[in-house]
Each structure stands twice: as C-alpha cells, then as structure tokens.
Amino acid sequence: MFGFIKNSLSKTADAIKSVVPKKKLTFSKDEIEDILLEADVEYELIEKILNETYQEKITRDILRSKLLATLAYTSYKEPEFTAPFVELIVGVNGAGKTTTISKLALKYKNEGKKVILGAGDTFRAAAIEQLTLWAKKIGVSIVASAQGHDSSAVAYDTIDSAKSKNFDNVIIDTAGRLHTQTNLANELKKIKRICDKAHPSSPHRTILVLDGTQGNSAISQAKAFNEMIGVDGIIITKLDGTAKGGSVFSIAYALELPILFVGTGEKSEDFIPFDKYEFVDTLLDAIFVEETA
Ligand SMILES: Nc1nc2c(ncn2[C@@H]2O[C@H](COP(=O)(O)OP(=O)(O)OP(=O)(O)O)[C@@H](O)[C@H]2O)c(=O)[nH]1
C-alpha cells in the first residue's frame, strides 16, 4: 500500500528534488515556500501555513502537523443506509469518471458485493459504450440505454433492478458536460431527486472525480459541482502522472471535503483509499532526511 502512494507521488517528489537537491533536517520558511509551490500547493494555503508557524527553522514534525491540519476533513463517515448503497459519480469529461467507476466497482466486487452500474451519461454514446465494456471486463451488471435517453430514467431503472435482484452497490455515471452549465445542473439535480424516489435517502454518496493533473485549477470546477448538487467526497485520478501532488492539500482544504480514493494508474486495480498519514509522510520523505537517534 505504502508503495502505491510512493509511486503515485514519484513525479511530485522529482519536482521537489529540483528545488531541494539535498534533503535536510530543517528548512527556512523561504525554502519551504519554494518546495510547496513546486509541489503545486496553492499560494494562499502556503502563506497561511507559514504565517501560522512561529519557528524560523521548520522541521519535519512542524510541517507534518501543518499539512495534516489542512486535511482535517479527510475522514469520511458512511451514512446509515438500507441496501443497496447508491453512489452518484460526477465530474467533467476526461476527468477519468468511467475508469474510476470500474475501479470502484471492482473494489466492491472483490469485497464479495453484488454491483450494478448505471450508464447515466446519456449525452455521449461513447460514455455508454465505454462503461458497458468495463462492466463486461470486470464482470458486473449494467443498465444502459441509447444515447439521448433520459438519464434519470437510467438511474431509476438501475436502482429498481438492484432492489429487485438484491444488489449491494449501485454506481451511477452522470454527464460531465451538456449544452449549457444550467442544463447540467438541472440534470444532476433531477437524477438526485429520482434516486430518492427510487430508493429513499439515496444517493447515499455523491462523489466528485477530479483530474489530478489539473492541480489547483480543478478547485473552481470542484466548487461549481459542490454548489450544483452537493458533493460528499472526492476521488483524485491520475496522481501517478503528475508533479502536482501538493494540490491535494489545496483541494481538500478549499472544499472542506474528504479525499476518498486516489487513482494511481489506468488499470482497474490502480486504486487506493486515501490515507492522509501515508500521503503526508511520503511527501515529507522527499524533503527531510531521516533523523538519527
Ligand atoms: N495514469 C492514469 N490514467 C488514468 C487514471 N484514471 C483515468 N485515467 C486515464 O484517463 C483517460 C480518461 O479517463 P476516462 O475514464 O476514459 O474518462 P473519459 O471517458 O475521458 O471521461 P469521463 O468518463 O467523462 O470522465 C483514460 O485514458 C484513462 O485511462 C489514473 O488514475 N491514472
């Protein structure tokens, strides 16, 4: 597990190396500012961290506690629910929603759960086809309609089917783009209402999928989705392909939302739960030398 986070942060660690050629025991505030900027932590958050730090020499322990504090919202508590557990997956096109749904589905399947997917991005034929292919590949059920059909109807049918066949998990894909932003907001809100109609109190979890390679520029997009329908947690994809690993701090801090999982590659297995301690310690390992007793 630790290796996965380490691998997915390797590009970020390389970027840090460019400003810290030699690891040390302590750093000045200016050095820490450069390091965090290089890792794509947002400037305001860096300023906040440094303004709250009174020591001139910053040790691993000091930075560790500051970074962990920015991830204070990362613990997620599953709500009480009656099966099936319904999840709505939202995010812009290309963020990696389809791949992420397959990863989540495989995780549940490997836990012995019965999983069904709903191909709710009816705006794009390719999205329906791609999700259908993934469902086949990992061996889970899917409800899919033709392009242009009502996405809420797909959500309803998926939940209905799950209830009648005693499925444990329902994962519903949604459109990342429609003709206008208002259309998208209305469609997502409608899907949410219909889920509740099909299975009261659902969706139990609305997850926003964010492309990790976008770094901090994903924040405004994430805020827009959160305002549109209310997000419960975030999955960050493609962390393996970016030097912007530090943006995870700014995203979690700006949105006050937990990071649930991270995508660490293109395969369905490349998916790990986000552990804030591992994440912070892996990043710190790239900066500080180990203290010898
Ligand atoms: N390296 C890497 N690539 C990923 C990860 N997640 C997704 N991808 C890739 O990102 C690209 C886009 O992902 P898709 O899941 O196909 O997303 P999409 O179909 O373009 O758009 P949506 O499904 O609407 O998000 C694909 O080439 C995926 O293989 C990840 O965690 N790491």
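Just so you know, glycine gets a Cβ as well, placed from its N, Cα and C.
Note that TrEMBL annotation is computational and uncurated.
The GTP binding site annotation in TrEMBL covers 91-98, 173-177, 237-240. For Gly94 (GTP binding site), applying a Cβ distance below 8 Å and a minimum sequence separation of six or more within one chain yields Gly176, Asp211.
Look at TrEMBL and you will find 258-271 tagged as domain 'SRP54-type proteins GTP-binding'. Taken together, the residues of the domain 'SRP54-type proteins GTP-binding' (258-271) have an average pLDDT of 93.
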Listed binding-site residues adjacent to ligand 1, that is, members of Lys97, Thr174, Arg177 whose C-beta is under 6 A away: Lys97
Coarse DSSP state, helix versus strand versus coil, of Gly94 (GTP binding site): coil
Cβ neighbours within the same chain of Leu239 (GTP binding site) - under 8 Å, at least six residues apart: Ser8, Leu9, Gly212, Gly245, Val248, Val262, Gly263, Thr264
Candidate with sparsest Cβ neighbourhood (10 Å radius) among Lys97, Arg177, the listed binding-site residues: Arg177
Those residues of the chain, 6+ apart, with a Cβ under 8 Å from that of Gly91 (GTP binding site): Lys97, Gly176, Leu208, Val209, Leu210, Phe225
